[in-house]
Amino acid sequence: MAVLSSRAMRAALGLAVLAVVIQLLRTWLSSKSYLFNQKDIAELAKQHAGMDFEVAFSKIIVELRKKHPGHILPDEDLQWIFVNAGGWMGSMCLLHASLTEYILLFGTAIDTGGHSGRYWADISDTVITGTFRQWKEGTTKSEVFYPGDTIVHVAGEATSVHWSGGTWMVEYGRGFIPSTMGFALADTIFSTQDFCTLFYTFRIYARCLLLETHTYLSELGLS
C-alpha cells in the first residue's frame, strides 16, 4: 500500500507540475509580441494567388525579406522537404521558424488527404494554386477552398483534409511550435522510416532558430 501511495503521490505531483507548465506557456503565448501577423501573410499570399506557383513563391519570399530583414532564410538554405503526417504526403519549404511562429510554403504534386492533426497552435493557409477540401469535426459536409482563399485551423481543432494534385499554399503558424513536431514527424518515424527526411526537418528548423538568435543578438549589438 505504501508503494502504491508513493506512486500515486508522484503521479499527482507530476500532473500538478505539468498543469503549472502548461498555464505558464499559455500566459506567455497570450502576452508576448509576435513578429508576423496572420492577416498580413494571408493578404500577401492572396496578391499572388492564381499565378504560376513558383513565380508566386519567389515574389512572396522577396516581399517577406523586405518587410522582415534577418528573419527569412537565405536562398542557399531553402529546401523542399517531404512531409508525411496523418496519412497524407506533401512537401514544405520552411522560410521562418522560432519557438512561437513559422512561415512555410506547402503543397503537393499529387492528390493526397488524411487527418489534419490537433495542434497547440493556430495555423492559416492561403491557396495559391489548386484546391483544398476540408471536412470539420462534428459536421457532415466538406468545404472546398480555391486560389486566394484562406483556411484558418484554430488550436485544438481537428479536420479531414484533402489537396488536389498541383495545390500550393502559403502557411503561417502561431503557438508553441515544438508541440506540432510530434504529429508532423510521427509517420516519418514509425511508418515511412525516412530518416533522411527526419534529419532534413530538424536541420532546417535548427537553421531557422540559429538565424533568429543571430538577428536578435545583432539587434542588441552583440554580434
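Just so it is clear, glycine is given a Cβ too, placed from its N, Cα and C backbone atoms.
As written in Swiss-Prot, here are the features:
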- 1-7: topological domain 'Lumenal' (TOPO_DOM)
- 8-29: transmembrane segment (TRANSMEM)
- 30-223: topological domain 'Cytoplasmic' (TOPO_DOM)
- 98-105: region 'Important for ligand-binding' (REGION)
- D125: site 'Important for ligand binding' (SITE)
- E171: site 'Important for ligand binding' (SITE)
- 176-223: region 'C-terminal hydrophobic region' (REGION)
In the same chain, who gets a Cβ under 8 Å from the transmembrane segment (8-29) while lying at least 6 residues past its ends? 100, 175-176
Could you measure between E171 (site 'Important for ligand binding') and D125 (site 'Important for ligand binding') for me? Cα positions, answer in whole angstrom. 4
Can you tell which of the recorded sites (D125, E171) has the fewest other C-beta atoms within 10 angstroms of its C-beta? E171
What is the pLDDT of the region 'Important for ligand-binding' (98-105) when averaged and given as a whole number? 98
